[in-house]
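Chemist: Below are the features listed in TrEMBL for this protein:
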BINDING   135, 209, 234, 264, 268  substrate binding site
BINDING   300, 301, 302, 303, 304, 305, 321, 424  NAD(+) binding site
COMPBIAS  34-43  compositional bias 'Basic residues'
COMPBIAS  44-62  compositional bias 'Low complexity'
DOMAIN    269-430  domain 'S-adenosyl-L-homocysteine hydrolase NAD binding'
REGION    29-81  region 'Disordered'
């Protein structure tokens, strides 16, 4: 029974004995003890069962990726009789079309670009082969390119990020799409090859995300690569590959580095990841962030977004960084800069955001505490050494879609998300408005390269012209009913600027 103090004045309340939790050192040790082998199976079973009934887990279509068989084994046709595609299920087309229509409501700038340029058809004659995440937002981009005159063939740049219903809607609309959620590595390269290798059709433009499509064409179809008019690349990984080709003197076409454009870096990388990191973690693990110790590997724009989001929800955030400038920014933003090895035993969540390889190695994974979550926010699945976890002494248990327990012989387990692939697009979705900014930038880059006069661009890697960056931003300002201040003639003369821009030099750091 509850007890009051003797005076009755200050209402000091004493919990009944059965509600009092007193952890002695021995009981505390038992509480923190790793689950033993005996209880392992029932523990994972209970979680798996509850996750199938939970609306907080990944979207329902993701479960279909684990069905037996592969779409390569069956022939599907759309309502017009075409079979030049390979997707999970063409019957999902109606649902995918509704997804695309919803995305269009948040991509008004891209739709505005479509309406402004459709009369001129600036991409008439362009044959674009694309390899990006196939989502509702990408579908809006693909359909925009088609309205502007381009022919498009598309594959996915990530084996987990394809929205099957959206791929079905694109196939039903007549686009040659080769992608489904849960592809094997063989499927992944097979789909890219099907996009490129079509008798009587040869691409003259590449839109890539990660560089795999460019790499495939360069290695396997050099005669096609030599006739490409331009490459547009949007990821750190893909841009790095392009600069390697350029440095080696093997890049025989001009390429546009969209990743380092201001509108991509500051909005897609920073603001998008600031929101989508939370979405991905919540959907897969239902984790509460308050009080958690989180390790962010890399403090570029992606790392900055992830760190800010987790700090805002009460997490204790550590940062690793190789660049002293980014490292100083992390310190000035209130984060503790450490080496991964210094805190790996204590952290609850490890997130990689570097674009590098083997950032989290087996030596780190072995030292992680029981229940530590590990995920990647970089493009490629190279940042976490997942291969080192596929060893006989370790047990893998699938808990729910994109969530695996990796269990050590002593019973310790870590939680690996999306098998080290990009978390936000593999396990959740990303904000449509931000993707509108990136998609508009990609469309303008394709238009610029395709229509550029002879000699404007040489066989090298270029940044998007500053004027185009500003144009993309101005299109999206209309969503907020924002009103830009205009320079007077006297002010423009004083700053030596054109009243219509560009307003900053190329070396300006936003």
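Glycine residues also receive a Cβ, built from the backbone N, Cα and C atoms like all the rest.
TrEMBL: automatically predicted annotations, no manual curation.
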Chemist: List the binding-site residues among 300, 302, 303, 305, 424 whose C-alpha is within 10 Å of the C-alpha of residue 264 (substrate binding site), in sequence order, or say none.
Modeler: none
Chemist: Please report the number of other Cβ atoms within 10 Å of the Cβ of residue 234 (substrate binding site).
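Modeler: Other Cβ atoms found within 10 Å: 26.
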Chemist: Quick one: of 300, 305, which of the binding-site residues has the smallest count of other CB atoms within 10 A?
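Modeler: Comparing Cβ neighbour counts within 10 Å for the binding-site residues 300, 305 gives 300.
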Chemist: Relative to the Cβ position of residue 303 (NAD(+) binding site), how many further Cβ atoms are located within 10 Å?
Modeler: 29
Chemist: Looking at Cβ-Cβ distances, which residues of the chain lie under 8 angstroms from residue 301 (NAD(+) binding site) while being 6 or more apart from it?
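Modeler: Listed in sequence order, they are 265, 266, 269, 270, 273.
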Chemist: Which of the binding-site residues 135, 209, 234, 268 has its Cα closest in space to the Cα of residue 303 (NAD(+) binding site)?
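Modeler: Nearest in space to residue 303 (NAD(+) binding site), counting only the binding-site residues, is 268.
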Chemist: By CA distance, which of the binding-site residues (300, 302, 304, 305, 321) lies nearest to residue 209 (substrate binding site)?
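Modeler: The smallest Cα gap between residue 209 (substrate binding site) and any of the binding-site residues is with 302.
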Chemist: Residue 321 (NAD(+) binding site) has how many other Cβ neighbours within 10 Å of its own Cβ?
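Modeler: Counting Cβ neighbours of residue 321 (NAD(+) binding site) within 10 Å gives 22.
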